[in-house]
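Here is what TrEMBL records for this protein:
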ACT_SITE  His149  active site, proton acceptor
BINDING   47-51, 57-59, 129-132, 224-225, 248-250, Cys285  NAD(+) binding site
BINDING   Cys157, Cys162, Cys183, Cys186  Zn(2+) binding site
COMPBIAS  313-325  compositional bias 'Basic and acidic residues'
DOMAIN    19-299  domain 'Deacetylase sirtuin-type'
REGION    313-343  region 'Disordered'
Amino acid sequence: MDFLRSLFSRTLGLSPGDKVLDELTLDSVARYILSGKCKNIICMVGAGISTSAGIPDFRSPGTGLYANLQKYNLPYPEAIFQIDYFKKHPEPFFALARELYPGQFKPTVCHYFIKMLKDKGLLRRCYSQNIDTLERVAGLEGEDLIEAHGTFHTSHCVSFLCRKEYSMDWMKNQIFSEEIPKCDSCGSLVKPDIVFFGESLPSRFFTSMKADFPQCDLLIIMGTSLQVQPFASLVSRVSNRCPRLLINMEKTGQSEFGMGLFSFGGGMDFDSDKAYRDVAHLSTCDDGCMTLAELLGWKKELEEMVKREHALIDSKDAKKTDKEASQSSKSAVAEAEKTDKTE
């Protein structure tokens, strides 16, 4: 078996080479980051980084989104995100969108940890499966992000011949007025630019991954089940020497038997006697990021960032509420004066 493993590795160029981590622990990952050798970190994130903000993930039994869609009378839970079903029955999706619409939630500790990586010049890119835009709210720019499954940031008419673009504010007004958004040019449905089942991922996802992942020297995977392709396959695109850290409630993305046997292939290998670069830290994403921040000497800075940014969001929300209340009051006064004059 050792001979076969060596043969496959030499023939296919899959030898792991020198180990980068001295041990498969979070402490070792922290030492590596602090060594100065780690300059191009890529984060891969899923719904698990937003659950502490109050946004449900998809697959958790009992609490996940798919477990709580009975009120929409769907033929099956995933139908709410299938493009063919949406075009015939858009009402369930827009009803759900009112519940989960961006702007109602604050970024989490995990979101701000990623922003801190950017601020320290260590983040090459964040690849996100999420559509909640919390990475942007936390301070990441469009250049820092690959929103693999799209975003509410923009919307487009679904008609192939039209494709008129609409802003996030326009879509929000439509959704919260409980109207089905229709294109004012052609009358077709308008859909947020999130990727439904049956649609292709954004072209930027494919072009960026070819440039980013060969340069990656640390891959941090957080809050994702690594079950949805092609996003899940990204873990295989880093070099064989690149350490991979999973911060999640459970281990996921492990190698298939055949691949793990020969120590090659894209799957994660945390526990075999051939494991050499994959680290699993089992915890919530927030707790894992705070623990890593503490090991890096960044804990106080991260805590202060979260406190400061949440206070700013609360302040903006309060001003917005006051403004809306003032406008509502002025409208009521104007309406009363109009009634008095009529009488």
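Every residue gets a Cβ built from N, Cα and C, even glycine.
All TrEMBL annotations are machine predictions without curation.
Annotated features, which come from TrEMBL, shown on the structure.
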{"residue": "Ala47", "record": "NAD(+) binding site", "Cβ within 10 Å": "22"}
{"residue": "Ser50", "record": "NAD(+) binding site", "Cβ within 10 Å": "26"}
{"residue": "Asn130", "record": "NAD(+) binding site", "Cβ within 10 Å": "25"}
{"residue": "His149", "record": "active site, proton acceptor", "Cβ within 10 Å": "20"}
{"residue": "Cys157", "record": "Zn(2+) binding site", "Cβ within 10 Å": "22"}
{"residue": "Cys162", "record": "Zn(2+) binding site", "Cβ within 10 Å": "14"}
{"residue": "Cys183", "record": "Zn(2+) binding site", "Cβ within 10 Å": "18"}
{"residue": "Cys186", "record": "Zn(2+) binding site", "Cβ within 10 Å": "14"}
{"residue": "Thr224", "record": "NAD(+) binding site", "Cβ within 10 Å": "26"}
{"residue": "Met249", "record": "NAD(+) binding site", "Cβ within 10 Å": "16"}
Out of His149, Cys157, Cys183, Cys186, point to the one nearest Thr224 (NAD(+) binding site) in space (Cα versus Cα); all of them are recorded positions in the record.
His149
His149 (active site, proton acceptor) and Ser50 (NAD(+) binding site), Cα-Cα, nearest whole angstrom
15
Between C-alpha atoms, which of these binding-site residues comes nearest to the residue listed as 'active site, proton acceptor': Ala47, Cys162, Cys186?
Ala47
Can you list, in sequence order, the residues of the same chain other than Cys157, Cys162, Cys183, Cys186 whose CB lies within 8 Å of the CB centroid of the Zn(2+) site?
Val158, Ser159, Leu161, Arg163, Lys164, Ser185, Gly187, Ser188, Val190
Quick note, Cys183 (Zn(2+) binding site) and Ala47 (NAD(+) binding site): C-alpha atoms separated, nearest Å, by 30
Quick note, Cys162 (Zn(2+) binding site) and Asn130 (NAD(+) binding site): C-alpha atoms separated, nearest Å, by 27
Cα distance (Å, whole number) from Cys157 (Zn(2+) binding site) to Met249 (NAD(+) binding site)
38
